[in-house]
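The next block holds one structure in the form of structure tokens; read it before the comments.
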Amino acid sequence: MARTASAAAGPPAAAAAVAAASGRPATAPDTAAGGNGAGGGSSNPPRRGSSNAGSSRRWLAVRQAAALTRKNVLMRLRQPGLLLGQLLTGVAMVGVVWLVDAAIRYSDAGFGGRGEERSPGAVPLGPVPLCTSSPFLKFGAPCYTFVYSPAGDPWVEALVTGVMSHNSPPIPAAQVAGFANASEVDAYLWGHPQTVLAALHFRRRPGMPPAPPPPPHGGNSSTPLPPPGPPPPEPDEDPLQHPRELSLVVQTNASGVFFKGKFQDPNSYVALPLQQLFSLVANGLRYN
């Protein structure tokens, strides 16, 4: 009978007997692992604390940020000089940018090649500058104040000599060069950039034609007749005895030069002084 009861009790009773024999307490069987427990419980119980864990992590980040902010504020308040310096850094950078912009605008105020001026004031013309006084030519290279064409014409040579001597200061002969035609001048300018201030090209033309005949029948024409011009010179005569008309072309670099607050306008710097001086010398040769 005892053997039959032991078999009927099954494995739990045998386990209890073995535990009693070994002196260890008996444990309850793992009903969840077998899936056939007496209570019929589920193998995957619901996780009730997952949402609470996410919210707690967010609150932890907020509290850490607040603590770091409070720490930084306390550290800055302990060093007011450092705090003031950090606050004024941005203001100082804005001030530096403003000063640089003001300096650039002040420097550009002397640049006369930009903008539009509807009522410009009169500017006196100075003498023809020497090429050695210009800071914008190539340093150390031979320079010319002006070159001209055509060389060898008596009237042109007389004009050039008069301009050289009447300028203040006089233009040295080493700073003036003559060429046969404008093509040679252009070739020299291309081959020697930044060595010549201006180039002059003269064109010889005979004197003005005589006045037209009066209107027929002695009509009263209200249009005045132009005065008769000087007759063209004979081939054997001295050209200076009968001056002729000359067309003058002044060739300069049309680009304004601006460097370190200095602006050089090619028109008022060399072109207009040359034109004015040549006109004065030509009138002196014509009426003297």
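Yeah, the Cβs are placed from backbone N, Cα and C, and that goes for glycine too.
Per TrEMBL, the range carrying the annotation transmembrane segment out of 1-20, 81-100 is 81-100.
Non-local neighbours of the transmembrane segment (81-100) in the same chain are absent; no residue 6+ outside the stretch has a CB under 8 Å from one of its CB atoms.
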